Amino acid sequence: MTANTESISKVATTKPVNPFWYKIRRNPLTLFGLFLLLLILLASIFAPLISSYDPTKINITQRFAPPSGDHWFGTDEVGRDIFTRILYGARLSLGVGVAVVFGAGLIGTVIGAISGYFGGKLDQIIMRLMDIVLAFPSLVLAMAVAATLGPNLQNAMLAIAIIKIPVYVRLARAETLALREKLFVKAAVTFGIKPWRIIARHIIPNALSPVVIQVTLDIGDAILLVATLGFLGLGAQPPTPEWGAMISIGWKYLLDYWWYPTFPGLALFLASCGFNLIGDGIRDILDPKANR
């Protein structure tokens with residue numbers, strides 16, 4: 001009797017397993033994506049400890065040095081260590097990608113919830129504006145905005161945010177249209193709760209699942225867009241270490257100094273791949289019907 005009581009007590013005190021993290025652990029591709037991003041993130045954070053080189057310091061005597069024990073990924077046309085510049089460039093690429101997508105997701109979700117909840121002419125005006133933005137190819141529009149505002153990192157971030165916001169507006173609006181017909185929302189209206197409070201307390205929190213999925217998928221795309229604008233000279237300007245700008249200069253020397261564009265391109269590929277794998281895993285967990 002005592003043994004049974006002890007076993008029941010152990011079962012009762014065992015902490016329940018979080019189903020989200022349980023499913024993450026059972027998905028090897030998602031775990032691999034997490035590993036890639038954690039590796040890149042830690043390397044960028046501890047860049048000063050990993051490499052003793054200055055990412056912007058010019059050393060002409062070491063220009064185009066091939067990969068070696070002193071320079072693991074070689075050097076560029078002015079003797080800067082490419083490995084060091086990739087580490088510091090990761091801070092910029094990951095930081096910008098996450099900041100832009102989270103900002104666009106927040107703004108788009110709020111606008112979409114307002115549009116879907118109030119409806120009428122406000123909804124029509126907002127959705128027509130979103131349709132106009134979505135009518136343009138995303139890269140072309142980002143290039144046009146960045147070129148118009150001027151080539152720098154802040155304008156590149158704004159350009160990417162502009163093309164991402166309509167996606168979240170549509171997602172949040174679609175969820176809001178369904179949620180406003182739910183009994184708990186109608187009950188809140190009956191009790192005289194103000195519309196803004198209903199949106200903030202009942203609509204947005206319940207509309208976040210598709211937004212979270214889209215955010216994880218969009219970060220990788222945003223990193224690629226930042227690199228693309230940098231490649232075209234519309235993003236971060238020299239001597240700032242940025243992967244796209246490094247590839248832009250390095251591809252000219254590809255035949256003679258293959259390491260120059262190859263390693264920044266590999267870093268960009270791994271970061272984008274990591275976010276896409278994580279996004280796919282989260283989508284499978286939060287929206288299992290998507291794969292049916």
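Even glycines carry a Cβ here, placed using N, Cα and C.
Under the heading domain 'ABC transmembrane type-1', TrEMBL lists 90-279.
Summarising the annotation, TrEMBL assigns transmembrane segment to 29-50 (among others). Within the same chain, residues 84, 87-88, 90-91, 94, 267, 270-271, 273-278, 280-282 sit at least 6 positions outside the transmembrane segment (29-50) and bring their C-beta atoms closer than 8 Å to a C-beta of that stretch.
Annotated transmembrane segment per TrEMBL: 94-120 (among others), in sequence order. Long-range contacts of the transmembrane segment (94-120) within the same chain, counting only residues at least 6 positions beyond its ends with a Cβ under 8 Å from a Cβ of the stretch, are 40-41, 44, 126-127, 153, 156-157, 160-161, 164-177, 180, 195, 198-199, 203-204, 207-208, 211, 214-215, 218-220, 222-223, 226, 271, 275.
Distant neighbours of the transmembrane segment (132-150): 156, 158-160, 162-163, 165-167, 225, 228-229, 232, 234-235; these residues of the same chain sit at least 6 beyond its ends, with a Cβ under 8 Å from one of its Cβ atoms. The transmembrane segment annotation in TrEMBL covers 132-150 (among others).
Residues or ranges marked as transmembrane segment in TrEMBL: 257-279 (among others).
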